[in-house]
Amino acid sequence: MSLSWSAKDHKSSTNSPSNPTQGLKRPRNDTGNKVTVVLGAQWGDEGKGKVVDLLATQSDLVCRCQGGNNAGHTVVVEGTEYDFHLLPSGIINPKSICVIGNGVVIHLPGLFEEAEKNEKKGKSSLKGWEKRLIVSDRAHLVFDFHQVVDGIQETQRQATEGKIIGTTKKGIGPTYTSKASRIGLRVCDLLGDFKEFSTKFKNLVAQYQSMYSSLTVDTDTQLKKLKEYGERLRPMVRDGVYYMYEALHGPPKKILVEGANAALLDIDFGTYPFVTSSNCTVGGACTGLGIPPLNIGEVYGVSKAYTTRVGIGAFPTEQLNATGELLQTRGHEVGVTTGRKRRCGWLDLVILRYAHMINGFTAIALTKLDILDVLDEIKVGVAYKINGKRIPHFPANMELLHKVEVEYETFPGWKSDTSAARKWNDLPQKAQNYIRFVENHIGVPIKWVGVGKSRECMIQMF
């Protein structure tokens, strides 16, 4: 018996139209609007919020595509400092619609607390935020017990391995674990049959309690709160895929995607296991919003003029000396989400090239140049060596990464204040030389140079 199939074996239905495409709506074959993506090119805290804030003033749509309230973006507008963890930073712009995509994990109490806290600041730029926020019905929910589990897991790691991941304890990892295990709950579940949702929620709690005997959850109280939050959220919820499709293929729009975390924290490409639980590289914009790669336009990488990292994990250019302390103090390097001091070191062009390989940056924003103003000399890591030999790649193995020897280029400091610079020619020649070296070494043009906290302190190069 032949198992092959041919067109002759297919029998048409007697009800089939003579024209097989009759009655079918042809798909749109236009590319549609392009999306601009802003991504971290280091270990986070690079100043993505500032770049997004700058671009959001001219954007119709600002979207988050991954992560949760483990990220922290600071935006300074007219002297008022706003900090966002779950809300897109573009929410500060009253003319922008903001989208939380399906790839984001949402802690509902955290979402509303964050909005209310920032709404009270400044001139109430967030007034009416709930009418400008769209939430994907496919986004997964972070529950309070996920956050408790996050803490329990860190304690267990410390006890068994003598080290921790350095999680923010916001429940992000456990929520993505639930998602990957196909036991997680989504926004659409919460807004559907609440009796069915309650059953699934109790089953999920029971599964976690079977793994963590110390976990206690008042399910009735939690469900009551979740129902209330769900009703507050309901007016904001849309089918995210359809919403983005219409935005891409409708009238011309400027669409901005705000990445959270950074390339070296990506679950696949970061310094695993000391990473976050989502894809914070350019592919996450597609999977986290349901948009095709064809619609990705500009991809902007954001990097500090030096390097920082929160928590443990390899950090080849780290300076455990007076230079590191000076960068930490001058840069006010304290985590927005955790309040932990950031580790500091020289700019590492190896990781920037690696991030560019993955993301295909079309331009770079180099922030916090002014922090280097007082240094006599400035070093830049340009290559890694193992056993005295240069390696052409960024090591995946953490033991190897801990062993690399960094090759540096040394530049004379410019020893002058750059914080008042507003255009390229305002910068000292030595600062210009530093910037051009970075640009040429990674092969990506630098579009912005940051010399302060506010949006006015971003020098646009082209």
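Cβ atoms here come from the backbone N, Cα and C positions, even for glycine.
What TrEMBL says about a protein is an automatic prediction, not a curated fact.
In TrEMBL this protein carries:
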type     : residues                                                             : note
ACT_SITE : D45                                                                  : active site, proton acceptor
ACT_SITE : H73                                                                  : active site, proton donor
ACT_SITE : K179                                                                 : active site
BINDING  : 44-50, 72-74, R342, 368-370, 450-452                                 : GTP binding site
BINDING  : D45, E46, G47, K48, N70, A71, G72, H73, T168, R182, N261, T276, R340 : IMP binding site
BINDING  : D45, G72                                                             : Mg(2+) binding site
BINDING  : V336, T337, T338, G339, R340, K341, R342                             : substrate binding site
COMPBIAS : 13-22                                                                : compositional bias 'Polar residues'
REGION   : 1-31                                                                 : region 'Disordered'
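Structural mapping of features recorded in TrEMBL.
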{"residue": "G47", "record": "GTP binding site", "CB count, 10 Å": "23"}
{"residue": "K50", "record": "GTP binding site", "CB count, 10 Å": "27"}
{"residue": "N70", "record": "IMP binding site", "CB count, 10 Å": "27"}
{"residue": "G72", "record": "IMP binding site", "CB count, 10 Å": "20"}
{"residue": "T74", "record": "GTP binding site", "CB count, 10 Å": "17"}
{"residue": "T168", "record": "IMP binding site", "CB count, 10 Å": "23"}
{"residue": "K179", "record": "active site", "CB count, 10 Å": "18"}
{"residue": "N261", "record": "IMP binding site", "CB count, 10 Å": "30"}
{"residue": "G339", "record": "substrate binding site", "CB count, 10 Å": "8"}
{"residue": "V451", "record": "GTP binding site", "CB count, 10 Å": "25"}
Intrachain C-beta neighbours of the residue listed as 'active site, proton acceptor', sequence separation six or more, cut-off 8 angstroms: G72, K304, T308, V310, E333, G335, V336, R342
Count of other CB atoms lying within 10 Å of the CB belonging to T338 (substrate binding site): 17
DSSP three-state assignment (helix, strand or coil) for D45 (active site, proton acceptor): coil
Residue from G47, T168, N261, V451 whose C-alpha is spatially nearest that of G339 (substrate binding site), among the binding-site residues: T168
Rounded to the nearest Å - Cα separation of K50 (GTP binding site) and N70 (IMP binding site): 18
CB contacts for L369 (GTP binding site) [other CB atoms within 10 A, all chains]: 24
Nearest recorded site to T338 (substrate binding site) by CA-CA distance, among binding-site residues G47, N70, V451: N70
Using Cα positions only, nearest of the recorded positions to G44 (GTP binding site) (N70, H73, N261, R340, K341): N261
Other C-beta atoms that fall within 10 angstroms of the C-beta of H73 (active site, proton donor): 25
